[in-house]
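Below is one structure, written out as structure tokens; comments come after it.
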Amino acid sequence: MESAEPAGQARAAATKLSEAVGAALQEPRRQRRLVLVIVCVALLLDNMLYMVIVPIVPDYIAHMRGGGEGPTRTPEVWEPTLPLPTPANASAYTANTSASPTAAWPAGSALRPRYPTESEDVKIGVLFASKAILQLLVNPLSGPFIDRMSYDVPLLIGLGVMFASTVLFAFAEDYATLFAARSLQGLGSAFADTSGIAMIADKYPEEPERSRALGVALAFISFGSLVAPPFGGILYEFAGKRVPFLVLAAVSLFDALLLLAVAKPFSAAARARANLPVGTPIHRLMLDPYIAVVAGALTTCNIPLAFLEPTIATWMKHTMAASEWEMGMAWLPAFVPHVLGVYLTVRLAARYPHLQWLYGALGLAVIGASSCIVPACRSFAPLVVSLCGLCFGIALVDTALLPTLAFLVDVRHVSVYGSVYAIADISYSVAYALGPIVAGHIVHSLGFEQLSLGMGLANLLYAPVLLLLRNVGLLTRSRSERDVLLDEPPQGLYDAVRLRERPVSGQDGEPRSPPGPFDACEDDYNYYYTRS
């Protein structure tokens, strides 16, 4: 009996704790914050999986070559070709073919990728670009799917696909499997990234809170791109290739379970919430001139990042005789100005929300100036300053224009955000699909200086285009046709007849029949019209 009492008390305590947690999960403000945490973790995972292979894949492909049909070299000496990631948006990496092997790597060098042969260089470039390419192809389909299914189910699908991709990475034994895993990640990102950002825009409809929430999401993207390569390199060195991917797979599974607990995407209430208004088709959104201007700015601002990353390490070695440590550390300090840019834009947007276009234009100008300054740097410190300016400008553009897309949908279309953020994801994917494949060829044919100056000039020329958005803040929120019709008084031969409210089971004790297929639609209307 004495032993039964503590067991009963433990069960009672567990029941009370479960009820308290359940009540907390259903409280609207806490639920909204938990949704933000879930989305931020999903974005963090996507970027960590994107970057964690940077120190692993070149060495892994070289290991495959050593045991396969490819040529072998003795001693095993390579140069680093994939720089450490930038703290801005998820980026693509590729090796550069112009360097030659020099000194042997010291022990414990898994944090720095080995230099592959020329044929492997092409393989790595295609491998890194495959994610963005598939994401680019899937987004025109995932956007309308998200509009139709609401946001939680596509986010759950994206997390599930990312989990499968991560596990496939862990057990990949050949290039074809690596390519399949990388492409599968692009499929998951097309659902998880787009639905996650759209969910934030939907949960935070008011502008100051929306900008702040999207800024937090961008900070998680930045942190994920920064921490993933050292995370992957350390675990790869001391625990093996599979461990970093299995850790990320476990976090992805936990995030999916948390989403199931918080959003309950398959419950009856979730199905009722999913009965959203019909969203504007994605092709019509693409033809909206304001949305087209924003999408062009997002692509333009990310081109310098996507094109400099695969090429700047070799340029540093040839221009300033940079050491391996300097090449690896070049992007690391840029994390601070990127987060600072996000914070500054959020604060300014809260105080002057009608000047979002100006913050984006200033960001493009900073990116253009920084990109033009890069070729003039002849030492490590000025180069770091210019790269910090580049990431600061990208933070200004992203933080200012992502909320602007949601606002444009609110005031000019239907407030359903899947398709518009699919357009934003397409804008990013264009830059990162081209960067790993064509950046090296441009450098070899035209030169690094011409590449940097061209990208800087493109950003400087695009900055005045954002003047077209200067009147966006003066627009008023539109109302859907359904809302207008419901608010109009009956006219002519029609009288308004109020529907009898039906009792709900559990509220008055009376049973009710099972809901029919059209009950959710009927509940949306308070009145119907009938001929008098």
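Cβ from N, Cα, C; glycine included.
Taken from Swiss-Prot, the feature N-linked glycosylation site covers N89 (among others).
Here Swiss-Prot flags N96 (among others) as N-linked glycosylation site.
Annotated region 'Mediates interaction with SEC14L1' per Swiss-Prot: 471-532, in sequence order.
The annotation region 'Disordered' is assigned in Swiss-Prot to 502-523.
On its own chain, D193 (site 'Important for transporter activity') has A42, L43, D46, G158, D425 as residues at least 6 apart in sequence with a Cβ closer than 8 Å to its own Cβ. Positions annotated as site 'Important for transporter activity' by Swiss-Prot, on the basis of similarity to another entry: D193 (among others).
Annotation note: D398 (site 'Important for transporter activity') sits in a helical segment as assigned by DSSP. Cβ neighbour count for D398 (site 'Important for transporter activity'): 30 (other Cβ atoms within 10 Å of its Cβ, all protein chains included). Under the heading site 'Important for transporter activity', Swiss-Prot lists D398 (among others), citing experimental evidence as support.
Residues or ranges marked as topological domain 'Cytoplasmic' in Swiss-Prot: 1-33 (among others).
Here Swiss-Prot flags 55-125 (among others) as topological domain 'Lumenal, vesicle', drawing on sequence analysis.
The topological domain 'Cytoplasmic' annotation in Swiss-Prot covers 147-152 (among others), and the record cites sequence analysis as its basis. According to DSSP, the secondary structure content of the topological domain 'Cytoplasmic' (147-152) in residues is 4 helix, 0 strand, 2 coil.
Taken from Swiss-Prot, the feature topological domain 'Lumenal, vesicle' covers 174-182 (among others). Here the topological domain 'Lumenal, vesicle' (174-182) has long-range neighbours at 53, 57, 60-61, 64, 123, 126-128, 130-131, 165-166, 168, meaning same-chain residues at least 6 beyond its ends whose C-beta is under 8 angstroms from one of its own.
Sorting each residue of the topological domain 'Cytoplasmic' (204-213) by its DSSP state yields 7 helix, 0 strand, 3 coil. What Swiss-Prot records for 204-213 (among others) is topological domain 'Cytoplasmic', and it gives sequence analysis as the kind of evidence.
Residue counts for the topological domain 'Lumenal, vesicle' (235-242) under DSSP, helix first, then strand, then coil, are 6 helix, 0 strand, 2 coil. Among the features that Swiss-Prot reports, topological domain 'Lumenal, vesicle' is placed at 235-242 (among others).
Swiss-Prot lists 264-289 (among others) with the feature topological domain 'Cytoplasmic', giving sequence analysis as the kind of evidence.
Note on the topological domain 'Lumenal, vesicle' (311-325): DSSP counts are 11 helix, 0 strand, 4 coil. Look at Swiss-Prot and you will find 311-325 (among others) tagged as topological domain 'Lumenal, vesicle'.
The topological domain 'Cytoplasmic' feature in Swiss-Prot is assigned to 347-356 (among others); the stated evidence is sequence analysis. Note on the topological domain 'Cytoplasmic' (347-356): mean pLDDT across this stretch is 90.
Tertiary proximity for the topological domain 'Lumenal, vesicle' (378-388) is limited to same-chain residues at least six positions away from its ends with a CB under 8 Å from its CB atoms, namely 86, 316, 319-320, 322, 326, 330-331, 333-334, 336-337, 370-371. Taken from Swiss-Prot, the feature topological domain 'Lumenal, vesicle' covers 378-388 (among others), and the record attributes it to sequence analysis.
Taking residue pairs at least 6 apart in sequence, the transmembrane segment (183-203) and the transmembrane segment (126-146) share three or more C-beta contacts under 8 angstroms.
When Cβ-Cβ distances below 8 Å are used as the criterion, the transmembrane segment (153-173) is approached by residues 38-39, 42, 45-46, 49, 53, 142, 145-146, 180-182, 184-185, 187-196, 199, 241-242, 245-246, 248-249, 252-253, 255-256, 259-260, 265-266, 274, 418 of the same chain, each at least six residues removed from its ends. Here the transmembrane segment (357-377) sits apart from the transmembrane segment (183-203); fewer than 3 CB pairs are under 8 Å, leaving out pairs fewer than 6 apart in sequence. A contact between the transmembrane segment (34-54) and the transmembrane segment (214-234) is present, since 3 or more of their C-beta pairs, 6 or more residues apart, lie under 8 Å.
By the count of Cβ pairs under 8 Å, the stretch nearest in packing to the transmembrane segment (326-346) among 183-203, 214-234, 243-263, 290-310, 423-443 is 214-234.
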